[in-house]
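Novice: For reference, TrEMBL lists these features for the protein:
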BINDING   K18, F19, G20, G21, T232, D233  ATP binding site
BINDING   T62, E133  substrate binding site
DOMAIN    402-468  domain 'ACT'
Amino acid sequence: MQLSFYLRLDLMNMKVCKFGGTSVATADQIRKVVDIVTSDAERKIVVVSAPGKRFSDDVKVTDLLIRLGEAALSGAETDPHLERVLSRFREITDELGLSTDISSEIESDLRDRLSNDKEDSSLYMDTMKAAGEDNNAKLIAAYFSLIGCDAKYINPKDGGLLVNDRPQRVRALSEGDERLAKLREESGLIVFPGFFGFTKDGTLRTFNRGGSDITGAIVAAAVGADLYENFTDVDSVFAANPTVIENPVPIKTMTYREMRELAYAGFSVFHDEALIPAFRKSIPVCIKNTNNPNAPGTLIVKERDYNEQQVIGIAADSGFTAIYVDKFLMNLEIGFGRRLLQIFEEEEISYEHTPSGIDNLSIIIRTRFLTKEKEERIVGRIHKELEPDAVIVEHDYSMIVLVGEGMQYTTGLAARAATAIAKTGANIEMINQGSSEVSLVFGVKVQDETKILKELYKEFFVKSYVKS
Ligand SMILES: Nc1ncnc2c1ncn2[C@@H]1O[C@H](COP(=O)(O)OP(=O)(O)O)[C@@H](O)[C@H]1O
Ligand SMILES: N[C@@H](CC(=O)OP(=O)(O)O)C(=O)O
């Protein structure tokens, strides 16, 4: 008698796992990825980045592609740049024992991209940047097949990863979700490139840097994954950046909101925009280490017991500019704030904080949004349209952010933080407590950032760490 099995693929538990650049940087790393994926039948969709850094001062393939694209746009010689990208891929294909055809396909793909129309430089660069993840996904799918695994590469255009058409502000469109959800019904393993999607008219667009995390989250949310695993090169998210604080406390569980605040404020381990799709569909996210997959990692969920740890992490980031505007009787001038912010809106600059007094208001923005010309134009417009007594632009600010769901139920926290900062002798330039009271922000001079972070870490983590 012949037994026939009918597997309802759409009813099986499913995990979407994303492997970051460091996890796919070499053939050895890709072998680890394959071991991790094949060790758990629920790992059905694998989102991959472009090969990242192999050692600390290595260059990511995405950065090599940016150099290549920029050389092509400026009319400079492209061959040396092309060769650097190709040699990264060649090294991986050779070591994995893949057919040389794959290297040739990657070369012809890159040459095709290089010959694209250059009129719109942003479109041209997006297509170049996406070559890293796209070719790596094809290569990794081929390796899965080589070792006998039923795996296929899916292009985001065929998969349904639809995005809007706003360069620099690319977002996924929910209209693509229905098609993406069908990935669940595919048999075998899917290898999906991170970092880019397609507009409705078929134009390729990349997310912001680090955006493969976003792809993973969008796919996980669309297929209704039971878990979104984000594999990187650290055992967990730590309470502070491990490159600044030695052996920081690992975070076992945190909320979406905490991770988003911390990611936005400098925890580069996970992209802040990647939390939203997971949050909307309540998909738990687990940050895990490709080099130590048995470590439990950090679980990101809707709620946690905030009595255990009021402050869960402290992030710091530099690169902020404050535009200080002073005008006597500003408080009586209705619409002053709106008109000031409108200038920034019209320059397409989003602001971070707006600390204010009765006669003054500062707009804090990320310096990278300013060019010299934009800065001059903004200052000129403020003078002309708002007739202030003074406008002062100050660069080189850092923001240090304490984050924790429990902060809103704890008194004296700001005092503890301010006292710790005072011990460093540094000045606090600005304080802002988010309305949700999940974060407390200190604006400081960039040269004081590290010493303040260390002191705050000591205040909020070293004592409890020693106690437990
Ligand atoms: N609070 C933090 N916890 C863990 N890692 C952090 C934190 N802040 C910054 N990082 C850095 O994030 C890195 C991992 O992110 P990334 O380099 O983007 O990895 P991937 O290549 O996997 O995308 C870690 O190696 C670590 O240096
Ligand atoms: N490769 C892209 C996207 C990405 O997410 O990469 P990584 O996983 O290495 O952070 C970048 O470098 O921005």
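Using the three backbone atoms N, Cα and C, a Cβ is placed for every residue, glycine included.
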Novice: Would you mind listing, in sequence order, the residues at least six apart from T232 (ATP binding site) in the same chain with a Cβ closer than 8 Å to its Cβ?
Specialist: G20, T22, S23, V269, I287, K288, N289, T290
Novice: Can you tell me which of these binding-site residues sit near ligand 1, meaning the Cβ is under 6 Å from at least one of its atoms: G21, E133, D233?
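Specialist: Within range of ligand 1: G21, D233.
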Novice: Ligand 2 is in the model; which of the binding-site residues F19, G20, G21, T62, T232, D233 have a C-beta less than 6 angstroms from one of its atoms?
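Specialist: Checked binding-site residues vs ligand 2; flagged G20, G21, T62.
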Novice: On average, what pLDDT score does this prediction assign to the domain 'ACT' (402-468)?
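Specialist: Here the predicted model's pLDDT, averaged over the domain 'ACT' (402-468), is 88.
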Novice: Please state how far apart, in Å and to a whole number, the two most distant Cα atoms are among K18, F19, G20, G21, T232, D233, the recorded ATP-binding residues.
Specialist: 12
Novice: Using the CB centroid of K18, F19, G20, G21, T232, D233 as the ATP site centre, which other residues of the same chain sit with their CB within 8 A?
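Specialist: Output for this site, in sequence order: T22, S23, V24, S49, G52, S212, N230, F231, T290.
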Novice: Rounded to a whole number, how many Å is the Cα of E133 (substrate binding site) away from the Cα of K18 (ATP binding site)?
Specialist: 12
Novice: Look up T62 (substrate binding site) in the DSSP assignment and report helix, strand or coil.
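Specialist: Note: T62 (substrate binding site) is helical by DSSP.
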Novice: Would you list the DSSP helix, strand and coil counts for the residues of the domain 'ACT' (402-468)?
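Specialist: For that range the per-state counts are 39 helix, 13 strand, 15 coil.
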